[in-house]
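Student: Just passing along the structure, written as structure tokens.
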């Protein structure tokens, strides 16, 4: 490996690369021997030795000049960039340009199905938010139409969502004079709709700030296990919200911690009041849908691409049955209620209460965004298309700000409607456009037709729609088998959502993900390397028997990052792996020097006098860590131990230069170069 000294100025042959058959140089082999594979191709490299500075100088290193953010953006402006910016801001252009006739049938059927479902479901979710039922119909038109233009998911069905409605309902109860008897609510005189529209506007503004701040990167904290646990817990909340309609019972309004446990306790107490007719209709709806989805639908798909709009058939059929069989009067089955005709007049929200609603708005903004992105990711991965995370924030922001002027509450993707929109055959957001146009007709002309639709039928449709989400509870074992960490994140996120609330569960999940990232970031690896004889390989001596340490030299490889949180750990790891106590050794060094400045006794039992630190796997280093590294080198030099640093990437090299690292001459482009200089010094 080490060539004999030549007359070359650097002491080594400078020839470049030589590949020859059967060469005796660098004889190497597999695990057993490095000398019995003489018939294989050998690599023979001879070159000058370098340190980092001489290599960069000879290779003509060009550091890219730093530029301001504005200057970089100006330079990026060109025709293609402008076109791409327009396409990014209006995703509808992209999918319309590639739209095919084959997509239209599915979009049409899906849009009609979701439109009919939007009416009763929107009204029901409006009631969850303590708002007039018609608000849910408005939510099926205004935000949906805007999301078609700005949204990047081709399958998300936005509008009302049970979880967001529940969160809005808590604020409405607290601050609306319609429900609260507090002095604040009574003096302000806010109606429930005014509280909801102000929330909607504030949520939109918060999401706009998130978009400007490019906070879509937060979606990368939504790991697969977090999304699965979060959506499964949210699906249980949605199922719970439908239980009273499935059973045809009345429940007291419940809120606060352990809300779900209290709800099921109340359901148990009300079992004697179950409406048998409503229960039969609910079960019949569920059975029909399950038979269609599990048995008929797979067979029909082999015959035709047009899916059977079974949900639409059930909703329309249930409406006719309720109307002509007089179900509300005879059997006491609750209908969806009054649906007024016409669009609301636009009005700007009242802002007197904004400071009191700010915290609630932040929580709703993050929950609605997380739900929307989670659903978008699920179907984006299934159908192999990209989701624009920042664009999704902008889409929700535009939807909420504009819709707040038309008596709407904050919008979000709906778990159940998104699943129905996809299973009914939707290919693009044209399905949502069809849905919003049909809702417009309903608002203008035919809304009262659905007033008698039994809510128990709607509840059955919702429950079957979220069946897939509920079944994701089995994914816990899948994540646990892959990684105990992923299983832990899934379980705690799920339990936090179910036991406490949606917003608390999301916060717990994100905090767990951040903690896991931090833990794995500081969980670095360090090992001692040895040389494989007759090669330039340096391998971990604990894992490779053929790797042999070079006398008087320690080669330590570090992988990970060194920052303010890990710099102490790096120093401790290094001392531990070298089996030395720096403070003790330095104290002994001082004690061994007599009054005349001469060393009277050996100061140390350290078995090496050169230390090479391989920073090839180093990902990043910060300024405080560079100071620690400087102090560490000074400490080792006091013990007459020379330190060399090898294999720094260009990124690390530039960071060291920027922070005025004092030992740039100790940097080498490879372990080989550092070893060469070390041995030259040793034999000099």
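Note: Cβ is positioned from N, Cα and C throughout, glycine not excepted.
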Student: According to TrEMBL, which listed range is transmembrane segment: 81-99, 100-118, 157-175?
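Tutor: Going through 81-99, 100-118, 157-175 one by one, TrEMBL flags 157-175 as transmembrane segment.
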Student: Need the matching range: TrEMBL marks transmembrane segment on one of 321-344, 393-416, 537-560, 561-584, and I'd like to know which.
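Tutor: Comparing 321-344, 393-416, 537-560, 561-584 with TrEMBL, transmembrane segment matches 393-416.
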Student: Quick one: find which recorded stretch in 157-175, 220-239, 393-416 has the most Cβ pairs under 8 Å with the transmembrane segment (452-470).
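Tutor: Counting Cβ pairs under 8 Å, the winner is 220-239.
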Student: Where does the mean pLDDT land for the domain 'STAS' (543-678)?
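Tutor: A mean pLDDT of 85 is what the predicted model shows over the domain 'STAS' (543-678).
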Student: Go through the chain and flag residues at least 6 beyond the ends of the transmembrane segment (491-520) whose CB is under 8 A from any CB in it; none is fine as an answer.
Tutor: 163, 166-167, 218, 221-223, 225-226, 229-230, 232-234, 236-237, 257-261, 363-364, 366-367, 370, 473, 476, 485, 565
Student: Taking a Cβ cut-off under 8 Å, which residues six or more beyond the ends of the transmembrane segment (125-150) line up next to it in the same chain?
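Tutor: Residues packing against the transmembrane segment (125-150) from afar: 89-92, 115, 118-119, 156-162, 165-166, 168-169, 172-173, 176, 178-179, 192-193, 196, 241, 336-340, 343-344, 391, 394-396, 398-400, 402-403, 406-409, 411, 429-430, 432-433, 435-436, 439-440, 442-443, 447.
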Student: Are there residues at least six beyond either end of the transmembrane segment (195-213) with Cβ under 8 Å to its Cβ atoms? List them, or say none.
Tutor: 129, 131, 135, 168, 171-172, 175-176, 349-351, 353-354, 357-358, 360-362, 364-365, 368-369, 390, 393-394, 396-405, 407-411
Student: Just to be sure I understand, if DSSP states are collapsed into helix, strand and coil, how many residues of the domain 'STAS' (543-678) fall in each?
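Tutor: Going through the domain 'STAS' (543-678) residue by residue, I get 58 helix, 29 strand, 49 coil.
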Student: Spell out yes or no: are there three or more C-beta pairs under 8 angstroms between the transmembrane segment (357-381) and the transmembrane segment (157-175), with each pair 6 or more apart in sequence?
Tutor: yes
Student: Taking 220-239, 393-416, 428-446 as candidates, which has the most Cβ pairs under 8 Å with the transmembrane segment (157-175)?
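Tutor: Stretch with the highest Cβ contact count: 393-416.
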